[in-house]
Amino acid sequence: MPVQGSQRRLLGSLNSTPTATPHLGLAANQTGAWCLEVSIPDGLFLSLGLVSLVENVLVVTAIAKNRNLHSPMYCFICCLALSDLLVSGSNMLETAVTLLLEAGALAARAAVVQQLDNVIDVITCSSMLSSLCFLGAIAVDRYISIFYALRYHSIVTLPRARRAVAAIWVASVLFSMLFIAYYDHAAVLLCLVVFFLAMLVLMAVLYVHMLARACQHAQGIARLHKRQRPAHQGFGLKGAATLTILLGIFFLCWGPFFLHLTLIVLCPQHPTCSCIFKNFNLFLALIICNAIIDPLIYAFRSQELRRTLKEVLLCSW
């Protein structure tokens, strides 16, 4: 779990080019004086991870406690929270271990440290993949609930949801091991990027279609009650704003990391790309920020879940 300059080892394999030249530590004339490197203090990294950890633990606890929340939709939300929890927890663990090793407070053999680092990398990578998958699964679940409302409970059953969850977890672990083992192959990095773009397109298409259906429904109600057109327009603008925020946060938090992977393949030695590579820790911090925001978007908006969460917090006191 060594640190290269200011670069954390976490997913360090994804922060190296297929060649032996490292991205960090380049000469000043290679990146230029204009190159901006955003430093993420370890304290901030740990704080973000802790906030995400607490939030997602609360979501998992609330869903596990309330049997009314044991439905396919909340099953996906719970697994999303668990994935985000693992993303944050593995980042916190590696940061803490790295700091202890640097301070000399933790003595370990190089082989042990390397094995620990590999395990943490697999957990981090698999939880990131599963998080993206569950975001897509939630979008599909909501789409079916709107466009196939009468058949929803026969299409999306709890056993099917559990099988889908198991398949996502198994595939995420297997593919993460494959990606980390062959990280120096351009095809592997491109597969990760294509996977991210596929999830982005899937979510965008489904949510835009759902927004269009909601606007049509609102327009029909407005005509039925002979309301004025501005009311329908206001609903459409509100829905569009919500959709923009949802997809915007997803792209803002995940996009830079996958841009990083794309540039590793396209321009590993270019000065501009080398400058972007310096901000790898910032891209990881944005993913942790997404793990903080996910519960606010998908979980805490549920009145039933908030009520259960309140009971859990009161009982803990």
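Placed from the backbone N, Cα and C atoms, the Cβ positions cover glycine too.
Record features (Swiss-Prot):
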TOPO_DOM  1-37  topological domain 'Extracellular'
CARBOHYD  Asn29  N-linked glycosylation site
TRANSMEM  38-63  transmembrane segment
TOPO_DOM  64-72  topological domain 'Cytoplasmic'
TRANSMEM  73-93  transmembrane segment
TOPO_DOM  94-118  topological domain 'Extracellular'
TRANSMEM  119-140  transmembrane segment
TOPO_DOM  141-163  topological domain 'Cytoplasmic'
TRANSMEM  164-183  transmembrane segment
TOPO_DOM  184-191  topological domain 'Extracellular'
TRANSMEM  192-211  transmembrane segment
TOPO_DOM  212-240  topological domain 'Cytoplasmic'
TRANSMEM  241-266  transmembrane segment
TOPO_DOM  267-279  topological domain 'Extracellular'
TRANSMEM  280-300  transmembrane segment
TOPO_DOM  301-317  topological domain 'Cytoplasmic'
LIPID     Cys315  S-palmitoyl cysteine
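In terms of DSSP secondary structure, the topological domain 'Cytoplasmic' (141-163) contains 20 helix, 0 strand, 3 coil.
Where the transmembrane segment (192-211) meets the stretches 38-63, 73-93, 119-140, 164-183, 241-266, the count of C-beta pairs under 8 angstroms peaks at 241-266. Cβ contacts within 10 Å of the residue listed as 'S-palmitoyl cysteine', excluding its own Cβ and spanning all protein chains shown: 8.
In the three-state DSSP reading, the residue listed as 'S-palmitoyl cysteine' counts as helix. For the transmembrane segment (164-183), the neighbouring stretch richest in Cβ pairs under 8 Å, chosen from 38-63, 73-93, 241-266, is 73-93. Averaged across the topological domain 'Extracellular' (184-191), pLDDT for the predicted model comes to 87. Break the topological domain 'Cytoplasmic' (64-72) down by DSSP state and the numbers are 6 helix, 0 strand, 3 coil. Counting residue by residue with DSSP, the topological domain 'Extracellular' (184-191) contains 6 helix, 0 strand, 2 coil. Secondary structure of the topological domain 'Extracellular' (94-118) per DSSP (helix as H, G, I; strand as E, B; remaining residues coil): 19 helix, 0 strand, 6 coil. Sequence-distant neighbours of the topological domain 'Cytoplasmic' (64-72) (same chain, 6+ residues past either end, Cβ-Cβ under 8 Å): 78, 141, 156-158, 160-161, 302, 304-305, 308, 311-312.
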